[in-house]
Amino acid sequence: MTDAAAGPRPAVPRGYDADEGVTGPYPPTEEMLAEPIPEEVRQAQEDRLREVWKEPPGWRYLSAVNNSEIGKWYSLTAFGFMLLAGILALVMRAQLAVPDNDLISANRYNQFFTMHGSAMMFLFAVPMFEAISILILPAFLGARDMPFPRLSAYGFWCFVIGGVFVMGSLLFDAAPDAGWFMYPPLSTKQGGIGADIWLLGLSFIEVASIAAAVELIVGVLKCRPPGMRVNLMPLYAWYVLVVGGMILFAFPPLIAGDFLFELERGFDWPFFDPERGGDPLLWQHLFWIFGHPEVYIIFLPSIAIAAMVVPTAAGRPIVGYSWIVLSAVGTGFISFGLWVHHMFTTGLPTISLGFFSAASEAVVIPTGIQLFAFVATLMVGRVTLSLPLLWIAGGLAIFTAGGLTGVMVAIAPFDWQVHDTYFVVAHLHYTLFGGMVLPVIGGVTYFYPFFTKKQMSRRLGLWSFWLTVVGFNITFLPMHLTGLWGMPRRVFTYPGGLGWDWLNLLSTAGSVIVAAGILIFAWDLIRPKGREPLTERNPWGGGTLEWSHDVPEEKWGVRSVPYITSRYPLWDQDKIVERMDAGRYYLPDAEEGHRETLVTSVIDARPLQVLRVTGPAWITMAAAAFTGGAFIFPTFHMYPPAIVSGALAILCVIYWLWTSTAQIPEKSTKDIGLGLSVPTYVSGPRAVGWWGMWITMLGDSTAFASLVFGVFFYWTAGTDFPPADAAHVDWRWSLMAGALGLAAWAAILLARTTNRGGRPLPAAAIAGAGAVAGALAIWAFITALRLPGLNPTSHVYPAMMWALGVWTIAHLGAGIIMLLYCAAALIFGKATPTHDAPMWNVSLYWHFMALTVTVTVLVTAFLPRGL
Amino acid sequence: MCVRRRREWNTKSGAAPHDGGMKIRTVALAGALLALAACEGGPQSALAPAGTDAAQIARIFWVMLIAAAILWIALNGLFAFVTRIHPRPISRRIAETLIIGGGIVLPLILLGTLLTWGLRAMPDQRAPGDGLTVRVGGEQWWWRVEYLPADGGPPVRSANEVRLPAGLRTDIELSAALVIHSFWIPALGGKMDMIPGRVNRMSLAPTEPGTYRGQCAEFCGLSHALMALNAVVLPADEFDAWLSAEAAEADPPDGPGADLFAREGCGGCHAIRGTEWQAQVGPDLTHVGGRTSLAAGILPMTEEALAGWIRNPDAIKPGAEMPGYDHLSPEELTTLARWLMELT
C-alpha cells in the first residue's frame, strides 16, 4: 500500500480516535518513503511554496510576520540595547576609575546604573532568548513557522516601542534612578517621572515577553514534526518549554507588583507606605519572586545552546538526556523557592533564612548535573575545539566561578557581609557573562551559517574571545576583593584611602578591553561578507533538524515536514535530508496558496491538523502602537488619551482576530502527503488557540494569585489589617456580583453546547445575555466597594480591596468583549456548529473568570470579617 | 593583628593606609592565589575583622574560598583534560557515572557539610547583648544615634558616629525615616537593613579598640554614596567615661559664634542639649566637635571642612536637606565653625 487513495475506505490510523478526523496510513513505512517524486511535480510544488512564503517587497517588508524575519529583527534590536547598556557601564566605570571623580553627577550616575541593570535584564537578556528561540525553534521542530506569527510580530513591535521609550528617557535626563529593583518607599516617594517610565514602560515589555513565552510554549507543545515524541525533542525545545513556563509564572508577580506600585504613585493608594498600614517588604517579595527565577530564565537558554553545540562538537549524542531534562525542570521549580536570599539582610527570622540558604544551595545539584553531562558528552566523543565550543567552554569556566561564589553568598551569615557590595556585583557578572553572554555569542557563531550561509571569521572570533575573557576577568575578578574590602554597590563615588583605588582603576581598564572584544564580535557579525563563499549546508556536522535547512535561499523553512524517529535524525535517519528536499514527507505543497504548518498532539506528536498561519500584516504594528499609547500616556498623567489609545488597541486586536484567526476553510480535511488526510480546522484542546488561551490564563492567574498573596501578607505581617474600625466590602452586593459573574460563565458554556447542538442563533442570544450578566456583575462589584465608603487612599486595607476589585472588574470587561465577539461570530457565520474554536477559547477564559470572581468575593467580602 | 586608630584616611584626598594594612598571610599550600586574596584591606574591610562576628564570617569565607578554588580548578581542569590533553573517547557508562558522581553525590556531601557548619554561625551572630543598646535611625543621608545605657539611665542622643565598648556585645536597634537604608560596619560584622515602619535588631561584639568605617549599603537615593559613619571601639572603661561625658549637657561659650548660630536659625533644625535649641530635624550637635568625622563620615572634623559644609552642603552632598549659608562671610563661617568645634 503506497497510496491511501487506492484503498476502498481510508482507515483511521492506529493510536487515533475516530472523531479526530485523521485518515490514512500513519506512521509512514519505509517503502512509502522510498517512493520517488517526479521532477515536474517537485518543481511545481516548490514554485507554489516559494510564492506563498515570499516576503513582502520594498518598504512593505516591515509588515512581515514570518519567524525568520521577526526573529532576526528581534535579536538585532536586543543586541543593540545590550550595546547601549554596555556603554552606560563604560561611563560608570570611567566615573569610578579614580576616587572623588566628578565626570558625571550623582543624579546621572544613578540613572545610568538603574538603566544598565534594567536594560540588560528586560531589553537584552530575556528578549534575546525569545528572539533567538523565535528565530530557530521552528527549524529545530521542522515547522514552517511559529503557531501565532502575528503574535510574535505584535510582541516585537511592543518591545521596540517600549524599549525606545524607556532608553530614550536617558536623553531627557528623566530616566528612572531608583535602581533596577525599584525598592519603595524610595521609588514611590521620589518626584519626577523616572519611576513611572520604569513601571509602565517595562510592564509593557513584560506583557510582550509573556506573549512570546505563550507562543514558544505552544510552539514546542503543538508544532513538532510527526513522530517527535517528547522524549525525542531536541534539548533546546525542552529548555524553551521550561524557560517559557518560568516566564509565565515569574513575570506575573512583578506585573501584580507594578500594578500596586503604579496605583500608589498615580493615585496615592498606600500599599508600600508604613504610615498607612502598607509595607515596603511586599514589593521586595513580589520583585524577587520574579527576580530570582529571572536569573535562571537568563541562564537556562544558554545551557540550551550549549546542549546543541556540545553534541555536535563531540560528534556524539548527548550523554544523560533524561538527567538533563529532569535537571532543567528541577532548576525551574527550585528557582521559585529561593527569592528570599535576596532579602537576607531585611531582618527576617533566622529560621526562614536557614531554609532559604539550604534551598539556594540545592540549585547547585541540577546545575551540576547539566555541566557534568556536557563534560561527559565531550568525554565519549572526539572533540573538535571549534570556535563556538571555545566560547561555550570559556563561558562555563567563568560561570562555574560565579556559581561557586553563589554557593558562598547563599550562606546567610556570609551574605550579611557581602550583600549589596562589589562582591555581589562580581558574582552576578560572573554568572551572567559566563552563563549568558559568552554562550550566546558561541551560539550566534554556531548558528550563523544557518541564518546566512556564511561563516564568521575564526581569526576575529579568537581575538574577540580572548579580549572578552581576559578583559572580563581583569574587570570583575578584583571586584570580589573590592567588595570584601567594604565597597558597597550603587555608589557614584568613593573616597580615597580605603584600599579601593587601584582595584577600581584595574576594573575600569578591564572594562575597556571587554568593550573591544564585544565590538570585534559586533563587527564580525555585521561586516559585509558578500564575496565570501557560501558554506556547505551542515558545516559543523550537526545531527538535529535545523541543519537540514537551506536558508536563506528558501523562506519556507523545511521543504517537507519529516517523520522523526531519533533525537539526532540527521545522524540516525538514513536519507532524511534528501527525502525532505524531494518533498517526500508531509506538507510538501501549498495548493491552496496558504501558509501552512502541521499541528501535532502534545505527547506523541501525531499529526492532528494543518494550521493556516497568518501572513504579513500592518494591524499587528498598529495594535502594538496603540497598546504602547495605553502604557506610555499614563506616565505623563494623560489619562484620556491613554483610554482612547487602549480602546483603539482593543479594536485592532479584535479586527486582527476576526479577520485572520480560526477562518473556516473551504474543505474540512486535507491530504498532507504520504496518504495521510488531516482536518484543516480543529477546536478545543486540539487547537493551538485553545492552548494559547490556557497558557496565557495560567500567567494571568499567577498575577491574580500574587494580589491575593498581598492580602495574606498584610494580614500576617502587620497588626492592623484590617483596622479595628474599618469599613468592609458590602457582602450582599459582593455576593450578587459573584452570582452574576458565575451566570456569565454558565452562559458561555450553555452557548457552546447550544451551538454544538446545531442552533447558533439561540447560542448567540445566550452569549449576549452572558455579556449583560457580566456588565451587571461589574456594576455590583463597584457598588459593593463604594456603598460602605471604602476610601483607598486612607489605609492599605481598603486599597487592597479596591485593587482586587479593579483587577476583577477589568477582567470581567475583557470577558464581556469576548462574549460579544462569540455572539457576533455566531450571527455572522464566523463560528458555526462544527467550527466553534472561539466558543471553546472563550469558555476557557471564563473558567478562569469563575475562579477569579469566586476568590475575589471570598477574599474581599467574607475573609476580612473573620480576621 | 595591629590595632588601628586611624583618622588620616578620612580626608578626601588622604593617602592610602597601606602602612602595614596589607599584611600577607602565607599559606603553605596555595601561595600565589591566596597571596592576593589575603590582603586585609583598609578600615572598611570585612577581611580585617575587629569583632567576633566579622572574625567568624571571615573564617567562613576563607574556608569557602579554598574549597571553591580547588573545585574550580578540578572542574575546569577536567574540561581542559578531555578537550585538549587527553581527547580519547571513554565509555558512556563511565560518563554517566561522572554525571551522577559529580552532579549529585559530590555536591550533596559538600553542601550538606557547608550548610551545617556555615549556618551554625547565625545564632552566634544574633546573640543578645550584654546590656547596652544603641538605636540607629537612617535619614537621607545621615544617621540618628541614641545610646540606652545598660544601667537603665536616660537615653543619650548623638549622630553620625557610633561608639562601642570592646569585649562586650551591644544590641543595635535599627529603623529608618523615609526610605530603606542598611547599617554596615564591615570590620565588626554583617549588615542589617533599616526599613521604615519596622525595627530590626542586630548585635555587635567588637574586640579590638580602633576606628572603623561603615557605610550605608542599601541604595537610598541621590547621595547614597555619601552616607558613611565611623564606629569607634573603646576599651570598656574608656567607653563608660565617654558615655557619661556624652550624656552631659553642652556648655557652649557665649560670643559671636553662639550669636551666629542663633541669628541664622540653626536651632530650628539642630539640638544642643543644655541650650534653648532642641529641634530634632537634623543631627544632634551637643558634642559635635568630639566626633571623628563630619557630614556622615565624608569630611574630617576640622574647622575648614565645617565652614565649607555650612556654606554649601549641596555641593558636597547632592540633595542634602540642609540649606546653604553662602551669604555668610568667610570670617563668619570660620567663627561659627570654630564655635561648633568647641562643643566637645
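Just so it is clear, glycine is given a Cβ too, placed from its N, Cα and C backbone atoms.
TrEMBL annotations:
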REGION    A:1-31  region 'Disordered'
COMPBIAS  A:1-15  compositional bias 'Low complexity'
DOMAIN    A:47-565  domain 'Cytochrome oxidase subunit I profile'
TRANSMEM  A:118-141  transmembrane segment
TRANSMEM  A:197-221  transmembrane segment
TRANSMEM  A:233-255  transmembrane segment
TRANSMEM  A:295-314  transmembrane segment
TRANSMEM  A:321-341  transmembrane segment
TRANSMEM  A:353-377  transmembrane segment
TRANSMEM  A:426-448  transmembrane segment
TRANSMEM  A:502-523  transmembrane segment
TRANSMEM  A:615-633  transmembrane segment
TRANSMEM  A:691-713  transmembrane segment
TRANSMEM  A:733-751  transmembrane segment
TRANSMEM  A:763-782  transmembrane segment
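Taking every recorded stretch in A:118-141, A:295-314, A:426-448, A:502-523, A:615-633 and counting its Cβ pairs under 8 Å to the transmembrane segment (A:321-341), the highest total belongs to A:295-314.
When the stretches A:197-221, A:295-314, A:426-448, A:502-523, A:733-751 are ranked by Cβ pairs under 8 Å to the transmembrane segment (A:691-713), first place goes to A:197-221. Sequence-distant contacts of the transmembrane segment (A:763-782) (same chain, six or more residues past either end, CB-CB distance under 8 Å): 733-734, 736-738, 740-741, 743-748, 750-752, 754-755, 805, 808-809, 812-813, 815-816, 819-820, 822-824, 826-827, 839, 853, 856.
Mean pLDDT of the predicted structure over the domain 'Cytochrome oxidase subunit I profile' (A:47-565): 93. Panel annotation: around the transmembrane segment (A:295-314), residues 121, 125-126, 129, 132-133, 234-236, 238-240, 242-243, 246-247, 250, 324, 328, 331-332, 335, 363, 370, 374, 377-378, 380-386, 388-389, 392, 395-396, 399, 431-432, 435-436, 438-440, 442-443, 446, 540-544, 568 of the same chain, lying at least six beyond its termini, place a Cβ under 8 Å from a Cβ of the stretch. Count of Cβ pairs under 8 Å against the transmembrane segment (A:118-141): among A:197-221, A:353-377, A:426-448, the largest is for A:197-221.
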